[in-house]
Amino acid sequence: MEIIKISPRGYCYGVIDAMVIAKNASLDPNLPRPIHILGMIVHNKHVTDAFESIGIYTVDGANREEILDKITTGTVIFTAHGVSPSVKAKAVAKGLTTIDATCPDVLHTYNLILEKQAAGYEIIYIGKKGHPEPEGAYGTAPDVVHLVETKADIDALSLLSDKIFVTNQTTMSKWDVADLMHYIKGKFPKAIQHQEICMATQVRQEAVALQAKDADLTIVVGDPRSNNTARLAQVSIEKAGTKAYRIADITELDIEWIKDAKKVAVTAGASTPTQLVREVLLFLEQFDAADKTTWKREHNQDFERILPKTKNKYMAEKRSQRLAHLKNGGS
């Protein structure tokens, strides 16, 4: 069996930043305890379990406001997906110490929404309903942000203003966003469009579209709640023409998928620990369809290998530089 190791894959800088911020919090004796994360720091249960092992507790729920109601004391970390100003204000009003791990790319989109609101625009935001990033985007300017996920949502819009700005969730499929933006342009010809697929998401999607073409199947390693992981599987099917299977870790890999395969492509979501991908690759490298002794799939739970090992003293400066770069038109 030939294994196509799609590159790039796995952790993006936003995920790494958020994890380092949370790890640093665990090492700071001056922060009020307990330390909670408002939702999953990134959408991967292996990561949240690893943080719980060092005293950083995930509190989850339907939305950020609801989750915050469950936290009464200590420190709260806002996840990489971002939160609305009202959630931040509520946390402060409750007397909680707050730490913001929002990805700079997401912050840039939120800032853009505020700028366009101040300039008198109605904002159409393309995103996945129920995902925390669009929740935060809508909450940034609820009077002018209109969340759409499908063409039916766009059909239902009734906007009288000619000043319309269109942007999107950073982890969407770039092809889906382009399709919906084209549809929006047909209904609102004067709309200004600004695609905000983050570069890490885009290059991972493009890699799958190109590198999975010759594979018999693609294995996408990532949490079932990860939107960017779902989009990678979608890209494999729709753009590379290769069937795809999503697994959280090696224990979910079905032998039936691979026993007759000649080429297997492997990629991973931006919130997937490298250790989990390595286990899949090592298994495939030794797999022999004719030898059942090679079929055993085991996950070695090693939290130390999932969590970042060192503090990054330049973290705040690096994040500020990234935000400035995006504001100046960078990608």
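Backbone N, Cα and C atoms are what each Cβ position is placed from, and that goes for glycine too.
(2E)-4-hydroxy-3-methylbut-2-enyl diphosphate is bound by HIS81, HIS131, THR170, SER226, ASN228, SER271 in Swiss-Prot, and the record lists one more residue there from HIS36, HIS43, HIS325, which is HIS43.
DSSP assigns ASN228 ((2E)-4-hydroxy-3-methylbut-2-enyl diphosphate binding site) to a helical segment in the three-state reduction. Sequence-ordered, the extra residues of this chain that approach the isopentenyl diphosphate site, with Cβ no more than 8 Å from the Cβ center of HIS43, HIS81, HIS131, SER226, ASN228, SER271, are MET40, VAL42, GLU133, THR171, ASP223, ARG225, ASN227, THR229, GLY269, ALA270. Between the two most distant C-alpha atoms of the annotated (2E)-4-hydroxy-3-methylbut-2-enyl diphosphate binders (HIS43, HIS81, HIS131, THR170, SER226, ASN228, SER271) there are 15 Å. A Cα-Cα distance of 5 Å separates GLU133 (active site, proton donor) from HIS81 ((2E)-4-hydroxy-3-methylbut-2-enyl diphosphate binding site).
The Cβ of ASN228 ((2E)-4-hydroxy-3-methylbut-2-enyl diphosphate binding site) has 26 neighbouring Cβ atoms from other residues within 10 Å, across all protein chains displayed.
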